[in-house]
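Remarks on the structure that follows.
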Amino acid sequence: MQMMTRDVLLEMELEEDDDDDGDIGDDPASKRPLMAPATLPSSLVLENLEQTIVSRFGSLESQQDFRTPEFEEFNGKSDSLFFNDGQRRIDFVLVYEDESRKETNKKGSNEKQRRKRRAYESNLICDGLQLEATRSILDDKLVFVKVHAPWEVLCTYAEIMHIKLPLKPNDLKTRSSAFDNFNWFTKVLQVDESIIKPEQEFFTAPFEKNRMNDFYIQDRDTFFNPATRSRIVYFILSRIKYQVRDNVKKFGINKLVSSGIYKAAFPLHDCNFSSPSEDLSCPNERYLLYREWAHPRSIYKKQPLDLIRKYYGEKIGIYFAWLGYYTQMLLLAAVVGVACFLYGYFNQNNCTWSKEVCDPDIGGKIIMCPQCDKLCPFWKLNITCESSKKLCLFDSFGTLVFAVFMGVWVTLFLEFWKRRQAELEYEWDTVELQQEEQPRPEYEARCTHVVINEITQEEERIPFTTWGKCIRITLCASAVFFWILLIIASVIGIIVYRLSVFIVFSAKLPKNLNGTDPIQKYLTPQMATSITASLISFIIIMILNTIYEKVAIMITNFELPRTQTDYENSLTMKMFLFQFVNYYSSCFYIAFFKGKFVGYPGDPVYWLGKYRNEECDPGGCLLELTTQLIIIMGGKAIWNNIQEVLLPWVMNLIGRCRTVSGAEKKTPRWEQDYHLQPMGRLGLFYEYLEMIIQFGFVTLFVASFPLAPLLALVNNILEIRVDAWKLTTQYRRMVPEKAQDIGAWQPIMQGIAIMAVVTNIAFTSDMIPRLVYYWSFSIPPYGDHPHYTMEGYINNTLSYFNVADFKSKSKENPYTELGDYTTCRYRDFRYPPGHPQEYKHNIYYWHVIAAKLAFIIVMEHIIYSVKFFISYTIPDVSKSTKSKIRREKYLTQKLLHENHLKDMTKNMGVIAERMIAVVDNNLRPKSD
């Protein structure tokens, strides 16, 4: 079929067109020089051709030559994926509302929308696509325009997009695995190959029309699979123009959908998820994915990654491959974390320092200093008995071992994932993806400046000059920095809340522990402040997230990245930087700042000159950090499940209720898919973001909560199936996209891994002070015990303060029920009153500081040495994968070269025969 080459553009006057389409998709044609095709990318050659055609044939005002789609009635085949003729496959569906049947008919506005749509559809037909329109069965206002790409169009754009297609079957033998002997065990976890058959592997090469005979074309209808066909059609839909105003062209289906001219645009699912299609030729891939992947009964099975990639594209496939691999690696971390927790659980009765806190003769007789200036009372240490018992579960020697283990685990995970990713690049044929990725249409539309390419020394177009790029980067960075400052301000607000409300809780909550009220055992002023502050922090986090998502997208759109990969990487870095500060700032405050700069009762440190700094419990801030992590991780998981599962399910349920009157009618495949929820171009981005935030919680502060990997493991097992259920049952089919790797998320995880080493072994645990006491201060010359012991630890770590030294006279104890005391205790390592260096840090303090620094330096070097050793010994690409890639390149080049030589030989033979014939005719004597 020969492609048409005439475009129709609406010439609109400024005062006539009052819709605000924004900037994305605007093509300032008057500012673009027309260049020779040899100097432009293939995608821009077509654009210049269109400009020439438009200038030659004029606009709509001079030629009323719209080409409109054929209108056909629904033929009653609800499972059909073809036009009414049963031959042409539906590659894409466009949906609009007929303006003539709208209830609120704004004549002028509706006419403009209709003309734009007709111009767009006419240009689609001119570009070679075939359209067929059908009215809705359930709502006669809706019209579905089915799009089909003929063979010639597919071949032309496959070459423009550099799509790799099969040359010949891959006959390389796969090496046997060392785990083949365990097939009897792994077979239970594998997907049944009789249900989902393994995909045949091919040698591939970028498609070229003039070498079509070299490609493995057995059937033209199946050579381009449905995912590739949809991808090609979407590429065309994104670049077709429909209007020109003041020499500025507007184009693209995304722009038409966002402005309401079309209601939706999507490729079709191939069947219902709950039952196979009645059409025997349908592969029923959606049904197979639901049955073997999304259904709860398949929760223990491995994911059918090849089928996911085939149906949804490499971008979706690589996400589920990464999520599955991360979940598998969490299994090891969860086992060690549970072992660490059990160690603390079974040894909590041997926790000497907790026994001392709860002992009425020790903790019950230790009077602690007030923790605020006015209303806070003196209090007995044993009021923190229950919290000290819980702390023994998490802050034990096992926690120290687990922190070191997690530093090694995160390195193993990242290195082994890079190997797995390299294998997928080879298996899914994305090794050279960067070479075939096309610029975004929004970027192409802004290319108005002509520069000389440093490599080719030819002219090319860019959207802005170097100075303009610097201005954009500066503005974008300033906006991101402003929002980060806003988060920091919210964190400071939470800290001020903590300091303020702690005074209230200290005054209202009981001062004595009588043992009769169970609430008194747990609801200490510190615990009440921590829980309420964590809940408020979580609410603020979710509110700021919602706002910043929209801001980040606006900033990235203004930045104008060149390709979709560049766009997503830029958005990823902005969003994660914001989310990192948003989610982790409160945790960093508790782990590294709370209780570290409080001074002492006679000379406390004040925030903003007004609020006295918070102090930790006598056992440390680790339990408060654990509480913070549980609330944020748990709240985030619940909120995400509501958003991901409940919201689309409710929306689809409402949609079905609205169309209940036509429930008995047979509805076509395209109408069933229309009533599903749209996924959105950034839907997968939020899935990654959710998991990376979880990855940060699991690695950065895991020493405070060893059960975090177990919770993450359970969550991820459910997350995989929930995401699968959501994609296969609740959402329209996404446009398949290519992806080589997980993008900017890889360096983000590497950065988190480096930080995790420091955060886990630094100041989040009180294990180091305990070890210092055990090995140095429990025995002479500093201690009185004849052997190493933890007895006396609490008394040794609490300093004395003389009540008479309070600067504020109001500190004279107003709480007569506790009696009059001359001294009180506080958590610090300082000399007692009366000492020549009273209230100065004592020798124990400097021993602890030295031990912490030594431990951090030694363990950091050990873990980083292990990290670098593992990185060196485990290459990113395995030897077998490298060999396969080289072998495939060699055979592909050999095949193409041999075919080229055959063609040359054949052509030379034909030329030689013709030359001989000509010579023979010339030499033959002429007859009279």
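Even glycines carry a Cβ here, placed using N, Cα and C.
The compositional bias 'Acidic residues' annotation in TrEMBL covers 13-26. TrEMBL lists 82-305 with the feature domain 'Anoctamin dimerisation'. Here TrEMBL flags 308-888 as domain 'Anoctamin transmembrane'. According to TrEMBL, the feature region 'Disordered' maps to 13-35. Marked as transmembrane segment by TrEMBL: 319-346, 397-417, 480-507, 527-548, 575-593, 691-714, 742-763, 843-864.
By the Cβ criterion (distance under 8 Å, sequence gap of 6 or more), the transmembrane segment (742-763) is counted as touching the transmembrane segment (397-417), at least 3 such pairs being found.
When pLDDT is averaged over the domain 'Anoctamin dimerisation' (82-305), the result is 84.
Long-range contacts of the transmembrane segment (843-864) within its own chain (CB-CB distance under 8 A, at least 6 residues past either end) are made by residues 404, 407-408, 411, 757-758, 761-763, 768-769, 771-773, 776-777, 782, 796-797, 828-830. Stretch with the most C-beta contacts under 8 angstroms to the transmembrane segment (397-417), considering only 319-346, 480-507, 527-548, 575-593, 691-714: 319-346. Residues 480, 483-484, 487-488, 491, 494-495, 533-534, 537, 541, 544-545, 548-549, 552, 621, 624-625, 628-629, 632, 636, 685, 689, 692-693, 696-697, 700-701, 704, 744, 748, 759, 762-764 of the same chain lie 6+ residues outside the transmembrane segment (575-593) yet bring a C-beta within less than 8 angstroms of a C-beta in it. Counting residues 6+ beyond its ends, the transmembrane segment (319-346) has Cβ neighbours under 8 Å at 302-303, 305, 308, 392-399, 401-402, 405-406, 409, 412-413, 416-417, 420-421, 424, 684, 687-688, 691, 695, 698, 702, 706-710, 712-713, 716-717, 719-720, 723-724, 742 in the same chain.
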